[in-house]
C-alpha cells in the first residue's frame with residue numbers, strides 16, 4: 001500500500017489487549033484505568049481477518065502488541081495462526097517480559113520470529129518505582145529464555161527519563177559487550193497527558209549518544225534496505241549493537257511504514273495522531289475481505305505527513321500508550 005506521500009506501508013502493529021500486568025509511569029496512571037470489556041475487544045478470529053486482509057494489501061511484517069500481549073489467553077495459538085497466513089509474514093511481539101520465561105519456547109515453536117522486551121532499569125528499587133510492580137528477576141529470566149529459544153535478534157527497549165533512569169544508559173550498553181542483543185534507547189514520547197512524567201522528562205537522542213560515548217567509540221552501522229527508526233551503532237568487538245530512536249527530536253516520519261490497529265478495532269494511522277478509523281463495525285457486520293481492504297487502504301491515505309509534537313497544534317489524546325499499542 002502507498003500513502004498520499006508515496007510511503008510504502010507494509011508493517012502492521014496489532015494490539016490484542018489493553019490490559020497489562022505492570023503500571024509503568026510513562027504509559028498509564030496507577031489507578032482509574034478502565035480496561036475494555038470482553039465484548040469490546042476484537043476476537044482472535046477478527047484480528048486474524050484484519051491481519052489476512054493487510055497481508056493481501058502488501059503488509060509483510062506484523063508486530064503483536066498490547067497492553068501486555070502475553071496476558072491474553074490463547075496468545076500462543078494466535079501467533080501460530082498469524083505465522084500460517086498464506087503470505088508468511090514476519091511475526092514479532094513486544095512484551096514487558098514478566099511472562100516470557102514460561103512462554104518463550106512455545107512462542108518460538110508457534111512461529112514467532114523476533115521479540116522486543118521493554119525494560120527501563122536494571123535496579124530492583126527503580127523497577128518497582130517505574131512499573132509500580134515487582135518482577136525484575138522474572139524479566140531477566142525471560143531475556144535468557146528468549147535467547148535460548150532462538151527468538152533472535154533479541155531487542156531490549158529502554159526509555160531514558162531525565163532524573164529517573166537516564167544514569168543507567170551505560171549499564172544497559174554494557175550488555176551489548178557480553179550478549180548479541182540490540183539495546184534500543186527510545187526518546188520519551190508524550191502520547192497521553194495522563195501519565196507520571198511531564199514532557200520535559202524527555203532525555204533527547206543527542207544526550208543518549210553522549211552517554212553511550214562514555215563507554216567507548218560508537219561505530220555507526222549502515223542500514224541496508226528498509227529499516228526501522230533506530231540509528232544503529234556498536235562498540236568494536238562487541239557481539240551486540242545499540243539503537244537510538246529519536247522519536248521526538250528527529251522524527252522518522254518520512255520513512256514511516258506502519259499502521260496500528262487497537263484492541264478495540266480502531267485503525268490508528270499515526271501513533272501521535274488522535275484520528276482513528278473504525279474497522280470493528282465492518283468486522284461484526286460480516287463485511288467481505290474486499291470491504292476490509294478498502295478500510296485499510298482508506299486509513300493509509302489519511303496518514304499525516306509527520307507528527308506535530310512540540311508545535312502549537314499538537315494535541316495529546318485520551319488514550320494511554322497501553323490503549324494504542326505502542
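Cβ coordinates are placed from backbone N, Cα and C, and glycine is handled just like the others.
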Listed co-binder of GTP (same site as 13, 63, 155, 258, 259, 260, source TrEMBL) among 94, 95, 121: 94
Cβ neighbour count within 10 Å of residue 26 (S-adenosyl-L-methionine binding site): 21
Candidate nearest residue 27 ([4Fe-4S] cluster 1 binding site) in space, where candidates are the binding-site residues 94, 155, 253, 258, 260 and distance is Cα-Cα: 94
Mapped DSSP class for residue 259 (GTP binding site), helix or strand or coil: strand
Maximum Cα-Cα separation in Å among residues 26, 67, 118, 189, which the record lists as binding S-adenosyl-L-methionine: 16
